[in-house]
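Database features, via Swiss-Prot:
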| type | residues | note |
| --- | --- | --- |
| BINDING | GLU114, ASP115, VAL116, VAL117, THR118, THR119, GLY120, LYS121, SER122 | 5-phospho-alpha-D-ribose 1-diphosphate binding site |
| BINDING | THR118, ARG146 | orotate binding site |
Amino acid sequence: MSKVDVVDILKKSDALLEGHFLLSSGKHSNRYVQCAKVLRFPEYAAEVLSTVVEQIKDLDIDLVVGPAMGGVIVSYELGRQLGKEAVFTERKDNTMELRRGFEVKKGAKIIIAEDVVTTGKSTMETKRVLEALGGEVVGVACIADRTNHDIGMPIYSAIKLDIQVYESDECPLCKEGKLPVVKPGSREFKELGM
C-alpha cells in the first residue's frame, strides 16, 4: 500500500475547516476537524484508519470500543481491519455506559477508538467504564490527535494536529471582529447555556 496522505483526505472530504470556531470546552480556535466528513466515505475511512491499524496491530487487542457518537464508525472500521470485535459506549443520563448487551471479558485488552482526541474527556470516561468491568485499556486510537497534554495513555493517530486554541476573552479572531464564531461538533454546551 502506498503512503496515505491523511491531510489530503481531510481536505478532499471537507473535514479540515478554517474559520472561527467555538469548541465544546468553551475555547475558540481558527481550525476545526470534522471527522464525520471523512467517515461518510467508506474508502476514506478505511484508508485513513489503515495508518492507525499499522501502529496497533501488534498490541494483541481483544476488543475495540468507541464512545458514541464519534467513535462508533472508527471502532467498527478498526475492528474490521484488525479482525476484532467492535462495540461502543454511550451516554445515559449524562453518564458513559456500556449498554445494548455488550460485554467486556475480565482481562480483555482494549483499544479505545475515537474520531478526534482533544481534551481526552470522553476517552477517560470510557476508560473508567471499561476498567470497572475488568478490561485493560492499552491506549486510544484515533484519526486526529489534537491533544497538547498527556492524557495518561498512549495515543495512536493517523495525524497529529497542532491547532491553536484561545480562551474566549483572549481570542485574536474575536478582537479582529471579521469572522463570526461558529459552533461545530455534536457535544452540548451546557456551561455556556447554548
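A Cβ is built for glycine as well, from the same backbone N, Cα and C atoms used for every other residue.
Sequence features, as recorded in Swiss-Prot, placed on the structure.
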{"residue": "GLU114", "record": "5-phospho-alpha-D-ribose 1-diphosphate binding site", "Cβ contacts under 8 Å, 6 or more apart": "GLY66, PRO67, GLY70, GLY71, VAL74, SER122, THR123, VAL140, ALA141, CYS142, ILE143"}
{"residue": "VAL116", "record": "5-phospho-alpha-D-ribose 1-diphosphate binding site", "Cβ contacts under 8 Å, 6 or more apart": "VAL33, CYS35, GLY70, CYS142, ILE143, ALA144, ASP145, ARG146"}
{"residue": "THR118", "record": "5-phospho-alpha-D-ribose 1-diphosphate binding site", "Cβ contacts under 8 Å, 6 or more apart": "LEU23, SER25, ARG146, THR147"}
{"residue": "GLY120", "record": "5-phospho-alpha-D-ribose 1-diphosphate binding site", "Cβ contacts under 8 Å, 6 or more apart": "VAL140, THR147, ILE151, GLY152"}
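Taking the mean position of the Cβ atoms of GLU114, ASP115, VAL116, VAL117, THR118, THR119, GLY120, LYS121, SER122 as the 5-phospho-alpha-D-ribose 1-diphosphate site, the remaining residues of that chain whose Cβ falls within 8 Å of it are GLY70, THR123, CYS142, ARG146, THR147.
For ARG146 (orotate binding site), the Cβ neighbour count at a 10 Å cut-off comes to 22, with all displayed protein chains included. Neighbour count (other Cβ atoms within 10 Å of the Cβ, all protein chains): 24 for SER122 (5-phospho-alpha-D-ribose 1-diphosphate binding site). When secondary structure is read from DSSP and collapsed to three states, SER122 (5-phospho-alpha-D-ribose 1-diphosphate binding site) falls in the helix class.
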